[in-house]
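To keep things clear, I will list the structure first and then write my remarks on it.
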Amino acid sequence: MIILNEESPRVVLCVSSKDQVEGDALAQLMSGANLPGVVHAAGLADIHPGMGLPVGAAYLMENMVYPHIPGTDAGCGVGLWKTSLKPGKINLDRWSKKLNGLDDPWDGDTLEWLAEFGVEADEPDPGLGTIGGGNHFAELQQIDQIWDADRLKDLGLKKRDVVLVVHTGSRGLGSALFWEYANEGGAQGLPGDSDSASEFMRKHARALDWGRANRALVARRFLSCLSAKESLIADVCHNSVEKINVDDREFFLHRKGAADATQGPFVIPGSRDAFSYLVEPVGDQKENAFSLPHGAGRKWPRGHCKARLSSKYGKSDMTHTKLGGRVICEDSALLWDEAPQAYKDIEKVMQELETHDMARPIARLRPLITYKTRSKNRQGR
Ligand SMILES: Nc1nc2c(ncn2[C@@H]2O[C@H](COP(=O)(O)O)[C@@H](O)[C@H]2O)c(=O)[nH]1
Ligand SMILES: [Mn+2]
């Protein structure tokens, strides 16, 4: 753990050496920490430069709310479902062919689905149950290594089980919320006790619930294609503002690409050609602002990947991974932009968590099928 600033705002970097973090990400972390209201800022092991502020960071604020920190994808998170798919029946090519229609609007009752997640809506929502673009994905994985069999059993899982991991968020809703507040307090922030902050927090909470409902519907639709059933194991958000109490004082905890460490076990995804980890947060989580890494972290900017990779790899290397997985992504630009090489090493993130005693692994998950899109031109997130 590296303390970048001792006094208020306390700024900590939850890694072993500053050298492993890009200078731009460090500068962005300090600039976030200098926003009025910050008392504590934490850069996590997957920190990397973002749009103005780093991805992989959390800020504890006193009486200030900044809508631009969770950004356009408020409510984004990662869910894990146990599936009824039998390990002995795994057939990746046959299953891949069956995964169709997931980019189209769902033909069920979106109002009823949202109501089950506490979201009131007046009109059917064609975005609900869709994954979106960018690095969002739905990925079938298999439990392949175990550190804590008892904990895994408590969660209803065991070795070789086939699980589904869904990474997506609040789609158009989060984006609309961001733009609504872009001029009103977007970057300057809203006083925490103002009506504007209360209104933002109400709309933001709805976006978080919508994101949870969306991941659950993506899981249902994905597994319906395979005539399988799902049961929820964990669902943890990584872009949010939350009101919390610490030592009897009230704060607004802002997370940008930082998993909520207060909700129990959750999945840290690696890449479509790397392992993901089911982890258990440990310790009091105070230095890391009650937040943990939400991934391996991006290494290469989007738009640079094809030029770096296409002389060495062909398209079929992108759709058939070294770990033996399949990738469904018919948008060629997205296929390259989200190449596994564009991400940092998840094993280093796990090493940091162990070194700093912030989370321990329960099990390792091997990717089987990564679904991105069947659309040739997937726009937006
Ligand atoms: N298992 C997979 N992990 C992936 C994939 N694409 C990205 N990732 C990881 O997810 C996080 C999510 O980051 P966010 O900032 O977009 O929320 C990222 O850091 C990668 O480590 C994938 O296809 N499969
Ligand atoms: Mn995300």
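A Cβ is built for glycine as well, from the same backbone N, Cα and C atoms used for every other residue.
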TrEMBL annotation, GMP site containing ASN135, HIS136, PHE137, ALA138, GLU139, HIS238, ASN239, SER276, HIS294, GLY295, ALA296, GLY297 - matching residue among LYS82, LYS372, LYS376: LYS372
Cβ neighbours of LYS372 (GMP binding site) where a neighbour is any other Cβ within 10 Å: 26
Per DSSP, three-state class assigned to HIS136 (Mn(2+) 1 binding site): coil
CB contacts for PHE137 (GMP binding site) [other CB atoms within 10 A, all chains]: 25
Distance-selected binding-site residues near ligand 1 (C-beta under 6 Å), from ASN135, GLU139, ASN239, ALA296, LYS372: ASN135, GLU139, ALA296
Sequence-distant neighbours of HIS167 (Mn(2+) 2 binding site) in its chain (C-beta under 8 A, six or more apart): CYS76, GLY77, VAL78, ASN135, HIS136, PHE137, ALA138, GLU139, ARG215, PRO269
Cα distance (Å, whole number) from HIS238 (Mn(2+) 2 binding site) to LYS372 (GMP binding site): 20
